[in-house]
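Undergrad: First the structure, which I've put down as structure tokens, then a few questions once you've had a look.
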Amino acid sequence: MGACQSFREMCDREKNTNVHLSLPAVCIVWQTAMIILFGVFMRYDHESDAHWVEHRKHLNLTDIENDFYFRYPSFQDVHVMIFVGFGFLMTFLKRYSFGGVGFNFLIAAFGLQWALLMQGWFHWLDADGKIRIGIENLINADFCVAGCLIAYGALLGKVSPVQLMVLTLFGITLFAVEEFIILSVIHARDAGGSMVIHTFGGYYGLSVSWMLYRPNLHQSSRLQGSVYHSDVFAMIGTLFLWMFWPSFNSAICDHGDGQHRAAINTYLCLASTVLTTVAISSLFQKHGKLDMVHIQNSTLAGGVAAGTAAEFMLMPYGCLIVGFCCGIISTLGYIFLTPFMEKHLKIQDTCGIHNLHAMPGVVGGIVGAITAASASVEVYGHEGLANTFDFEGKFKDMVPTTQGGHQAAGLCVALCFGIGGGIIVGAILRLPIWGDPADDNCFDDETYWEVPEEEESIPTILQYNNHVQNKDIAESNFTMESESRARS
């Protein structure tokens with residue numbers, strides 16, 4: 001008990017936000033490590049190597065059959081979601097737009113490199129000890145980064161860039177391990193990552209936030225809110241995410257019916273979620289007005305929940321039901337759960353990732369388990385069943401009910417890694433060596449960014465325009481009065 005108290009006292013000493021040496025050192029050293037590791041392990045796969053010409057001739061293929069032409073459109077969409085969608089969604093705070101977009105950029109740029117290595121060691125290491133990289137690896141690396149960006153949402157405005165680099169290093173590592181266990185060992189299916197990405201990332205971020213709890217965060221409450229233009233920028237992120245989410249959930253599905261079905265299922269889930277989000281937001285707000293927080297976030301919950309069962313025969317009406325429920329759950333989470341968690345559970349969730357990612361991720365995992373367990377030959381056909389659930393090799397004798405159990409086990413693994421890993425990483429990030437801001441200095445770009453001074457020319461121009469407009473009106477009134485006198 002005394003050791004714990006001593007640890008807390010050490011961690012809660014006065015903050016120093018000077019990262020003049022630590023941030024450059026971390027970036028340069030870790031990027032140098034990436035260069036060395038890529039040199040040792042990373043090579044092009046057969047479809048991106050110069051020997052592709054010989055390979056395609058040997059197999060009587062054409063260039064258009066290169067996987068690049070099938071996967072690259074989806075990769076583009078996912079890449080835009082990671083850098084533009086997530087980035088702009090985090091610009092809602094009135095004085096933290098640079099941090100929202102800029103640190104999102106930093107996390108993603110470092111994370112995708114580390115993800116290519118970590119996922120490569122688990123999934124694509126060949127007999128020569130080399131990782132063969134292709135377009136599908138790039139998509140999976142973006143998926144891996146998404147988990148860390150989700151976690152960042154809970155910590156937005158309260159951590160330093162050095163802490164975010166550490167969060168990403170451990171987050172990518174944990175993600176690669178839990179992904180391997182869920183997809184390869186347990187043999188669960190999770191095309192859109194409801195479990196692997198959203199459940200893990202959500203509870204990872206929430207657990208870290210719990211460990212980094214700030215009892216005096218109310219001292220920064222003046223900045224913990226939005227203004228009109230910041231909400232508009234955040235809505236741009238929402239729209240990019242909403243439009244491209246069908247690509248996200250279908251990006252790594254098998255070519256053909258599975259990928260086609262995943263796009264349709266996600267599309268319908270998202271559409272249904274928007275209506276129920278608007279309904280609940282209006283119902284619980286004074287005079288029926290809409291809350292922009294709900295519209296920016298809860299409208300995306302259906303895409304999260306559609307992830308696990310994206311390529312399953314969920315049926316169009318089933319997709320609408322999933323989206324309908326997620327809109328309600330997510331919006332009510334913002335209204336009731338977020339304040340409850342901060343007050344009673346000591347979890348300060350800046351972006352509300354529990355409502356957008358964590359809860360809908362769990363819903364998606366449950367939907368996936370039920371849909372898998374209820375699959376039948378009548379609905380899928382013999383070959384369709386085997387293809388959809390990958391019943392081959394040592395899993396060729398597996399039946400749908402057993403697969404449903406494996407799906408549920410995968411969800412449990414994601415929860416364990418997210419919560420357990422977050423607590424451990426949170427303890428590391430609580431050490432007073434990372435340059436994080438004080439409780440009265442959070443949610444402010446000036447802590448880590450050079451912020452330009454407010455332009456004085458804009459109000460001057462507005463004042464001039466108003467002066468000219470008033471002068472024109474006065475002259476017009478004088479002319480009308482003169483004409484009136486002349487007539488009389």
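Just so you know, glycine gets a Cβ as well, placed from its N, Cα and C.
All TrEMBL annotations are machine predictions without curation.
Found this in TrEMBL, in case it helps:
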type	residues	note
DOMAIN	63-443	domain 'Ammonium transporter AmtB-like'
TRANSMEM	21-42	transmembrane segment
TRANSMEM	75-93	transmembrane segment
TRANSMEM	105-125	transmembrane segment
TRANSMEM	137-157	transmembrane segment
TRANSMEM	164-186	transmembrane segment
TRANSMEM	192-213	transmembrane segment
TRANSMEM	225-244	transmembrane segment
TRANSMEM	264-284	transmembrane segment
TRANSMEM	317-337	transmembrane segment
TRANSMEM	408-429	transmembrane segment
Undergrad: Within this structure, do the transmembrane segment (408-429) and the transmembrane segment (164-186) have 3 or more Cβ pairs under 8 angstroms, counting pairs 6 or more apart in sequence?
TA: yes
Undergrad: Could you pull out which residues elsewhere in the chain have a CB under 8 Å from any CB of the transmembrane segment (75-93), counting only those six or more residues past its ends?
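TA: For the transmembrane segment (75-93), the far contacts come to 99-101, 104-105, 108, 135, 138-139, 142-143, 145-146, 149, 152-153, 156-157, 223-226, 230-231, 233-234, 236-238, 240-241, 244-245, 247-248, 251, 293, 296-297, 350-351, 443.
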Undergrad: Which residues, given as numbers and ranges, are at least 6 beyond the ends of the transmembrane segment (317-337) yet have a Cβ under 8 Å from it?
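TA: That would be 264-266, 268-277, 279-281, 284, 291, 293-294, 297-299, 301-302, 304-306, 309, 352, 354-356, 359-360, 363-364, 367, 371.
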Undergrad: May I ask which of the stretches 137-157, 192-213, 225-244, 264-284, 408-429 has the most CB pairs under 8 A with the transmembrane segment (105-125)?
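TA: The stretch I would name here is 137-157.
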Undergrad: Go through 21-42, 264-284, 408-429 and flag the stretch with the largest number of C-beta pairs under 8 Å relative to the transmembrane segment (192-213).
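TA: Most Cβ pairs under 8 Å with the transmembrane segment (192-213) come from 408-429.
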